[in-house]
Amino acid sequence: MALRTLVSRRTLATGLGFRQQLRGLQTFSLPDLPYNYGALEPAISGDIMQLHHQNHHQTYVTNYNKALEQLHDAISKGDAPTVAKLHSAIKFNGGGHINHSIFWKNLAPVREGGGEPPKGSLGWAIDTNFGSLEALVQKMNAEGAALQGSGWVWLALDKELKKLVVETTANQDPLVTKGPTLVPLLGIDVWEHAYYLQYKNVRPDYLKNIWKVINWKYASEVYEKESP
């Protein structure tokens, strides 16, 4: 019940690494990174990447699995108050797992194409919807810097409107909470844990430098697959 209010079963399953069945309940595991922790330096330090992946993302996975198991037990017992109480934990930790699983794919070392501008249909779509790649970067940087507290800034494909849009989400809310037709192409984590060890409290510097390791190839692949 609570899961359906977060995202569809299909959305949850996509790219998140199921690992086993636990009493009929599917659980999740921490995905491996497709590069070494230090591979994104100097844009993002190896220390940040290791802490971000091994500690923060792992905590979301652990707490998500725990909340899902508690939900499973509560439903089996007909414990409606506990079911309702678990909704926020499932949304927060499940969203954290979804968002970070996308985030790691949105990054790539420079030697593997990180930072190279998007080409093909995504490049054309960016020019059409925002005027230029530079204008898109400025818009996402501005909205990410202005986001109060913690959250994410996204480049998304709106499949209903058939256009690219920039959205922000608070805390660990996944993009789907902003609309069921939004497909995340690129998400940038603006929680302090994503940059504080290196950039202190200067979020704009982090936002400026992360574009040097953005994996536009992955974003283009998602766009090609999902574009109507």
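These residue numbers are counts, starting from 1, taken along the chain as shown.
The backbone N, Cα and C atoms fix where each Cβ goes, and this holds for glycine too.
Quick look at what Swiss-Prot annotates:
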| type | residues | note |
| --- | --- | --- |
| BINDING | HIS52, HIS100, ASP189, HIS193 | Mn(2+) binding site |
| TRANSIT | 1-24 | transit peptide |
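Everything Swiss-Prot records as a feature, shown here on the structure.
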residue	record	DSSP class
HIS52	Mn(2+) binding site	helix
HIS100	Mn(2+) binding site	helix
ASP189	Mn(2+) binding site	strand
What residue among the binding-site residues HIS52, HIS100, HIS193 has the most other CB atoms lying within 10 A of its CB?
HIS100
Env. residues of Mn(2+) site, Cβ within 8 Å of mean position of HIS52, HIS100, ASP189, HIS193 Cβ:
HIS53, HIS56, HIS57, PHE103, TRP191, ALA194
Count the other Cβ atoms sitting within 10 Å of the Cβ of ASP189 (Mn(2+) binding site), across every protein chain shown.
24
